[in-house]
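Here the structure comes first, spelled out in structure tokens, and everything after it is commentary.
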């Protein structure tokens, strides 16, 4: 099977890391990048140097208006309107929509005008079907041309919830994600009309915020629809977040049994998506962690046989970007 030919729209945190992950995994080939706000030389600089994930180990050059990574040429465009991007000209059948702007199906479909055949939105979508690797990607059918990879938090929470629900049953649950700073936040207090707290300085505050990540689990696991909700605290760290899930179980169990269940899933059915650790870890230990979810056995607690708090770590940048690449590989296999 030929590897999928991919274009990336939006060369921000996720766009750049999707390119890195694609090169590492070698399951898809990035042939084009579109970003109207970054010129070619700056694009090369931003890809080469990364404050969180380190300097790119391969070669990065520019030549004849193209970005050359490890000797491979990538066509560069700078269009604001997705309908104007000539994806077919570069040979891109799949598009990673990582601007954070075109998350609605109708807007993402504009990529088809330029020749794209499939669009994978690297964000939650209100109307495009959402798929989480390890959880519901088996529900994907080839007639779906615009899909969402959900959010980084949903990618951590859903595998955890799936394992627990299948073994014990979840009656209801509340999630808090302690979430690293992202590009939408302000370095110092600034205007944020829709979210006043979100406009406060990221480096100086713990900021309560909303998240649809827990409710989105109900979209990828319909049997849990309406049983989970949650919120976020944005904290002054550059990467790695942690899910704190408090659930009421349908059947009685012990925390030792929960640990054994999570460990077994990490070694078998969820291998590569879910990991398990009993070590005394902190957030920086998970920078560049490829798994969607790392269950922290030592951090969870149990109040009684049906009520517990479970903790799982995730690199909200690198883990998520790897799942975008994995989802494209899965979609391509079924075409």
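Glycine residues also receive a Cβ, built from the backbone N, Cα and C atoms like all the rest.
Summarising the environment of residue 13 (NAD(+) binding site), the number of other Cβ atoms within 10 Å of its Cβ, over all protein chains shown, is 23. Among the features that Swiss-Prot reports, NAD(+) binding site is placed at 13, 14, 35, 80, 316, with the record citing similarity to another entry.
Sequence-distant neighbours of residue 182 (D-glyceraldehyde 3-phosphate binding site) (same chain, six or more apart, CB under 8 Å from its CB) are 13, 234, 316, listed in sequence order. Annotated D-glyceraldehyde 3-phosphate binding site per Swiss-Prot: 151, 152, 153, 182, 211, 212, 234, in sequence order, evidence recorded as similarity to another entry.
According to its DSSP assignment, residue 152 (D-glyceraldehyde 3-phosphate binding site) is helical. Listed in sequence order, 241, 314, 316, 317, 319, 320 are the same-chain residues at least 6 apart in sequence whose CB falls under 8 Å from the CB of residue 152 (D-glyceraldehyde 3-phosphate binding site). The active site, nucleophile annotation in Swiss-Prot covers 152.
Under the heading site 'Activates thiol group during catalysis', Swiss-Prot lists 179. Counting every protein chain shown, the Cβ of residue 179 (site 'Activates thiol group during catalysis') has 23 other Cβ atoms within 10 Å.
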Largest inter-residue Cα distance among 13, 14, 35, 80, 316 [record-listed NAD(+) binders, Å]: 26
Which listed residue (80, 234) has most other Cβ within 10 Å, given these are binding-site residues: 234
Spatial neighbours of residue 153 (D-glyceraldehyde 3-phosphate binding site), counting only the recorded positions 14, 35, 80, 179 and Cα distances within 10 Å: 179
Three-state secondary structure, which DSSP defines for residue 35 (NAD(+) binding site): coil
Pairwise C-alpha maximum, in angstrom, for the residues (151, 152, 153, 182, 211, 212, 234) that bind D-glyceraldehyde 3-phosphate according to the record: 16
